[in-house]
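Reading through the structure tokens given below for one structure.
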Amino acid sequence: MELKFLGEPCLTTVSEPVSEVDEQLRAFISGMFRVMRGAGGVGLAAPQVGRTVRVFVVDVEHHVRAFINPQITAASEEQSSYEEGCLSIPHIYERVLRPRRVSVQYLDENGKRCAVDADGILARVIQHEYDHLDGILFLDRIDEKRRDDALRRYAALRGTIR
């Protein structure tokens, strides 16, 4: 299992719902946690390792969990701006405006229906990873000028021409 980077089609593809929570999925989720922690991340979505299924994992502020088929059911009108990065776009950071709080329903690794009301950094990580499931990158959430600048910086870091 390897990280996928900006330019890979899986990062801009809408993910499919998980049909069954089984041992194979649990093993995949364990691998996701290993990749995320190995890269020093706090969240990782399945498309970032090449599988376009609706799963992400988080490890932030003592909240360590997998979200299977998550649905954001509510988001606060109050927003906050915070610098975000992404394991799939290394060394690029930009401020992103997002709702401060979200409510999420999801299945856990045992297929149990769960819900969480998140705020602060946990809410931000959930929203960032949830976006991946819809083929949205954090750079899609910023203005065009900043996005173009970030893409130029990324291309220079990757040694490519865009």
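A Cβ is built for glycine as well, from the same backbone N, Cα and C atoms used for every other residue.
In the record from Swiss-Prot, residues H128, H132 bind Fe cation; the candidate from C86, C114 listed for the same site is C86. When Cβ atoms from all protein chains are considered, those within 10 Å of H132 (Fe cation binding site) total 26, not counting its own. Residues C86, H128, H132 make up the record's Fe cation site, and a Cβ search at 8 Å around their centroid adds G43, A45, Q48, E84, L87, S88, E129, D131, L137, F138 from the same chain.
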